[in-house]
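Peer 1: Please see the structure below; I have some questions.
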Amino acid sequence: MEWPARLCGLWALLLCAGGGGGGGGAAPTETQPPVTNLSVSVENLCTVIWTWNPPEGASSNCSLWYFSHFGDKQDKKIAPETRRSIEVPLNERICLQVGSQCSTNESEKPSILVEKCISPPEGDPESAVTELQCIWHNLSYMKCSWLPGRNTSPDTNYTLYYWHRSLEKIHQCENIFREGQYFGCSFDLTKVKDSSFEQHSVQIMVKDNAGKIKPSFNIVPLTSRVKPDPPHIKNLSFHNDDLYVQWENPQNFISRCLFYEVEVNNSQTETHNVFYVQEAKCENPEFERNVENTSCFMVPGVLPDTLNTVRIRVKTNKLCYEDDKLWSNWSQEMSIGKKRNSTLYITMLLIVPVIVAGAIIVLLLYLKRLKIIIFPPIPDPGKIFKEMFGDQNDDTLHWKKYDIYEKQTKEETDSVVLIENLKKASQ
């Protein structure tokens, strides 16, 4: 009898423990009331901030957490703070939904979600500028450019405003310029020693002075759209048919954050070889060592007795930056070696054909004379007879024109005087 009694008592204890545990855990899973006083505001140019108050009538044994996400249910977040901010270009409408719950478990059903939206500035969308983009040049200044909107006047005066966390207030860009169809503006933006500076962004807004066009916004992360200055070639040297190239990196950059392209043009082959370099360390004894911010590369198999021209360009790599597509301009070219005398080469090109043509003419004349000597002309007997009887034949042909039987139509009589009688008479 003792065993059934003990089993019943143990069973009762388990039921009590299970019931107590279930009651204690049911309270946090209760749906809480919605948040109150949800509002939205804009700071600087593109910093949107939502704030709210805790729900009224929330459970006393509930540690409130707030579940929020944007209208497309992206970038979900559960946090105890009663605010949320985001940097976003205000070119489109953006909404935030907020609800309350008692834990960080996403599977827990939050309260009714409260939504608050912010719309972009009013204006004709066709009047807003297009292709607004900015490039951070050599970590020293930023250059932005854009195209005018479709429904804008050609004489529109644009203004660019910018802000980042190192500035106390919004600044206006003064260096407005025009390049072809593009408008643009540049402003100083120097890298600071703050390690988190490059993790920030620059907020950009472009509008007109008269307020007739719709403002356009852009956010430029400082880890992207970075374009270094071209490097500077310091030294070229040959060693064992290898070309050693040493250059100075652009300021504000370290070598491990750059990717290099070395181009070598040879005057003899008239071709260029391109080498992509990730690590350019000056470890060979031919390189000048202990030089700050310099890089080196060895080009194999280069002909030292010809003229070789070298140029280099660089870009950022993904080890330090998010973007690796913007190449710098090419460096100034540097040459090493000797180029063959082009004047002598051209002179030879002109003289050789003349000499060859003269030799061909002389050879032809010589061959003709040699032919006469080897094959003399054969005498023609008929020619001899033609020369002997040629005149007689001509006279015969001449007399053939007259008829030998032609009769004299008139007879003439001449007197004959004896010469002897004339002599006697004279004596």
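Cβ atoms are placed via backbone N, Cα and C, with glycine included.
Taken from Swiss-Prot, the feature domain 'Fibronectin type-III 1' covers 34-123. What Swiss-Prot lists as domain 'Fibronectin type-III 2' is 128-226, and the listing cites sequence analysis. Annotation source Swiss-Prot lists N-linked glycosylation site at N37, N61, N105, N138, N157, N235, N265, N293, N329, N341. Residues or ranges marked as signal peptide by Swiss-Prot on the basis of sequence analysis: 1-21. The topological domain 'Extracellular' annotation in Swiss-Prot covers 22-343.
Mind running through what each feature is packed against?
Peer 2: Helix, strand and coil counts under DSSP for the domain 'Fibronectin type-III 1' (34-123) come to 0 helix, 42 strand, 48 coil.
Sequence-distant neighbours of N37 (N-linked glycosylation site) (same chain, six or more apart, CB under 8 Å from its CB) are T51, W52, N53, listed in sequence order.
The number of other Cβ atoms within 10 Å of the Cβ belonging to N105 (N-linked glycosylation site), over all protein chains shown, comes to 12.
Secondary structure from DSSP puts N138 (N-linked glycosylation site) in coil.
Non-local contacts of N157 (N-linked glycosylation site) by the CB criterion (under 8 A, 6+ apart in sequence, same chain) comprise D208, N209, A210.
N235 (N-linked glycosylation site) falls within a strand when secondary structure is assigned with DSSP.
Cβ neighbour count for N265 (N-linked glycosylation site): 16 (other Cβ atoms within 10 Å of its Cβ, all protein chains included).
According to DSSP, N293 (N-linked glycosylation site) sits in a coil region rather than a helix or strand. All chains included, 14 other C-beta atoms sit within 10 angstroms of the C-beta of N293 (N-linked glycosylation site).
There are 12 other CB atoms within 10 A of the CB of N329 (N-linked glycosylation site), with all protein chains counted.
Taken as a whole, the topological domain 'Extracellular' (22-343) shows an average pLDDT of 88 in this prediction.
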Peer 1: So, three-state DSSP: helix, strand or coil for N157 (N-linked glycosylation site)?
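Peer 2: SS state of N157 (N-linked glycosylation site) = coil.
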Peer 1: Find the shortest Cα-Cα separation between N329 (N-linked glycosylation site) and the glycosylation sites N61, N138, N265, N293, and name the residue that gives it.
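Peer 2: Comparing Cα positions, the candidate nearest N329 (N-linked glycosylation site) turns out to be N138.
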Peer 1: Counting other Cβ atoms within 10 Å of each Cβ, which of the glycosylation sites N61, N138, N235 scores lowest?
Peer 2: N61
Peer 1: I need the nearest neighbour of N138 (N-linked glycosylation site) among the glycosylation sites N105, N235, N293, using C-alpha distances.
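Peer 2: Nearest in space to N138 (N-linked glycosylation site), counting only the glycosylation sites, is N293.
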Peer 1: From the glycosylation sites N235, N265, N293, pick the residue whose C-alpha lies nearest to the C-alpha of N61 (N-linked glycosylation site).
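Peer 2: Nearest listed residue in space: N293.
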Peer 1: What does the structure give for the C-alpha distance between N235 (N-linked glycosylation site) and N105 (N-linked glycosylation site)? Integer Å is fine.
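Peer 2: Taking the Cα atoms only, N235 (N-linked glycosylation site) lies 63 Å from N105 (N-linked glycosylation site).
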